Amino acid sequence: MAENGYASLMDPAPERAKRGAFFFLTLFASIVFAMWDLARFLWGGTGVPSTLNMGVGIGLTVLMLISLVPVFGAQRKLNQGDDKGILSSMGALLVVAVIMICGIVYSWTSLPISSGYGGIYDITTGWFLLHFVAAILAFLATIMKGSRTPERAKRERWVSYNVLMYWGGMVVLWVVFFGIFYLA
Amino acid sequence: MATNEMQAQALNETGGGKTSFAISMLFPLFRATLWGLTGYFAAAWITAALLGSVIVNPLPATVGYIVGLVGWLMGSGLWEGWIRRAFGGAEAPAYTGVERYFRFGPDSKSTAVRYVVFNVVAFFFAGLAAMAIRVELLTPDSTGWWMSTIHYNMTFGIHGLMMLLAVAASVIVGGVGYYLVPLMLGVRNVVFPKLLGLSWWLLPPAAFAVFMSPTIGGFQTGWWGYPPLAQNSGSGIVFYVLGAATLLTASVLGAINIAGTMVYMRAKGMSLGRVPIFVWGLFAASTILIVEAPATFTGALMDLSDMILGSHFYTGPTGHPLAYMDQFWFLFHPEVYVFALPAFAIWLEILPAAAKRPLFARNWAIAGLVGVSMLGAMLGVHHYFTAVSPARMPIFMTFTETVSIPTGFIYLSAIGTLWGGRLKINAAVLLVLMAMMNFLVGGLTGIFNADVPADLQLHNTYWVVAHFHYTILGAVIFTWIAALYWWFPKVTGRKINEFWGKFHAWWFFVFFNCTFFPMFIAGIEGMNRRIAIYLPYLHGINLFISISAFLLGAGFLIPLANLVYSWRRGEKAEPNPWGSKGLEWQIKSPTPYIPFPEGTEPEVVGPNDNYAAGSKEPFVWVSTPSK
């Protein structure tokens, strides 16, 4: 069994490739969300049920928009080469993700899944929930890696960029979701 | 083969640990199996106990599958090879010897070899299902002594799904593509090596679950899984849905790597026009998967949600069962291009080297590959003309028939390459030529399927079965075996046995046509597909088809034996046995763990298919950084 001197040689993609190719992954995920969004009108009709909690929806959407502040802040720090400086922003985003999960689960209580709108709302937000869980794991990994092995985090800065891009994508998808499920 | 001294050096200094096989290397595989099965049964039983239910019900089976999948992945080495490190934990050692074939890892070459092994195993078992189907059809009604109608339905459903998603979807993209993409593009590995490694480890549990679906009640829908029947004919559909979604996920992870590597990691000097045609074929297939898989993926999850969560997407008061068909075919028609485009591209990769002629109309061929992938998104409706309004029929008929234009570019490119060339026919080239003939039959009969008046007659008959077997078995599987033969020296350093290769090719060609051509006739004469019994006037033709099918099935053991024997004892191959100018052949064979050493990289300086006498080498080796 050889030592791990080969690892970096056998992962030759430069940062540009790692960040660029991540686009294909986000494209796939975004089209999945687009499918749910389109399906809302097929199964949910054009009306919004009175039991839909508009206040929670607005609150979560505002929170997502505000979460762009730490995203842009962390991105600026990464651009300046401050890998340690992003950890607090990642922590803040982790808290946002936990709040989003709580909000989604709370919204489920007032919408029966067996109804047309409830079914499509629940499966879409369920899909969001899975992505928020993934985001929590990603933030946790970034924070732990950055504090335990800062050199590795510096060498693999593309991971932090992609985590931030992932969250930025989630914000866009959530805002589209809000427009389609709450306003349209 | 060395183009300059630096290349000679590059070829001689590519190391990597050399280890011989030891039984302890199988530990991750055993651990994965143990954790997977334990996870499945523990989670299913606990869920069933909490619900006061039994483990064969949809919800316990779903929870069991998910926990089992996670257990399998963790056991395979995902934790120490990826996750632990990602959280700042200890770094796993790089496994460079034979042990890398048996555990999760980032090496694309061993991943590709695992793909070949998986495809062969899946092909074997799905092929046995095909044999069982043909035994059933030996007589007009075999339900009394062979399979009941219920078992027959399960068998052809498993055969279809496994042949498509566990074999055709990954034989060329996985086993051949993942090996060759980095080498052809002049890089040591793909853009996300661990994601590619993960893609293989998703396959075995998914395929195993589908094969095991009869143990929890099976499914009666065939590989389509159409609701509402899907939700009312056995819990096995849960394994169908989860297995298909897992296999699709694996395909998408590979597609992301192919697209990302081609777009961002080409060797210096490799403009898009100089990208090897096989990589173009894979890229076209990858775009289909990334853009169109979501529709089918969501359909599968919505169907599952109906069964385990109580939603009503496809049944009940708010159900729209026809929506499933739209979602399903939005990917699964273009999915056949995911199978076929890489096969076409392999023809165009092999033929120039075999005929020693440049690829004719190269840019048109690229346009053909990309054109088919783009048109493919717009024609899934032709699979259910019998279920749509007349307004949709001419639109989708027109789109479908338009596909023959870019496909024609590909054929013309192949014919133009052969024209006037001195073709050296070995077993691989022979199989390519046969695949071209078979696909021609499959493609031309497809026009009748696409034509609405003809389709309304031919729909659900054996004509359709014959058509798609000509395209998938006749073209894709023929080409897969051709590719295994052609690149065998690259992977093993040895050649296959040419006599048995050619013998098998003819055996295969004759009995393939004897099996499937009569199905066109049976279809026109009124033989329904997916029905266990048929009227006695069709007995003679079905007897002929079944006997041919048994001989065809037995014939698959020939290439299997040839590959295994040649791997151990085949004739040693010279570094570039076919005299190809492809970049992959400029690297040492068998490919070392590090394909070319640190500080060296290839630079493209000319077209890789210029076989004119005295033409210069298309690649040189330069120092890194080369700029």
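Backbone N, Cα and C define each Cβ position, glycine as well.
Here TrEMBL flags A:21-43 (among others) as transmembrane segment.
Among the features that TrEMBL reports, domain 'Heme-copper oxidase subunit III family profile' is placed at A:22-184.
Positions annotated as transmembrane segment by TrEMBL: A:55-74 (among others). The list of residues near the transmembrane segment (A:55-74) in space but at least 6 beyond its ends in sequence, with Cβ under 8 angstroms from a Cβ of it, reads 85-86, 89-90, 92-93, 96, 99-100, 103-104, 106-107, 160, 164, 167-168, 170-171, 174-175, 178, 181-182.
The transmembrane segment feature in TrEMBL is assigned to A:86-108 (among others). Within its own chain, the transmembrane segment (A:86-108) is flanked in space by residues 52-53, 56-57, 59-60, 63-64, 67, 70-71, 73-74, 77-78, 121-122, 125-126, 128-129, 132-133, 135-136, 139-140, 142-143, 146-147, 160, 163, 167, 174, which lie at least six positions past its ends and keep a Cβ under 8 Å from the stretch.
Marked as transmembrane segment by TrEMBL: A:120-143 (among others). Tertiary neighbourhood of the transmembrane segment (A:120-143): same-chain residues 29, 32-33, 36-37, 39-40, 42-44, 52, 86-87, 90-91, 93-94, 97-98, 100-101, 104-105, 107-108, 111, 113, 153, 159-160, 163, 166-167, 170, 173-174, 177, 181, selected by CB-CB distance under 8 Å and a gap of 6+ residues from either end.
If you look up TrEMBL, you'll see A:164-183 (among others) marked as transmembrane segment. Note on the transmembrane segment (A:164-183): residues 19, 22, 26, 29-30, 33, 37, 40, 44, 48, 52, 54, 57-58, 60-61, 64-65, 67-68, 71, 74-75, 78, 93, 100, 121, 124-125, 128, 131-132, 135, 138 of its chain, located 6 or more positions outside it, place their CB under 8 angstroms from a CB of the stretch.
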Note the mean pLDDT of the domain 'Heme-copper oxidase subunit III family profile' (A:22-184), expressed as a whole number. 95
Close approaches to the transmembrane segment (A:21-43) from elsewhere in its chain (Cβ under 8 angstroms; 6 or more beyond its ends): 13, 116-117, 119-121, 123-124, 127, 131, 162, 165-166, 169, 173, 176-177, 180-181, 184
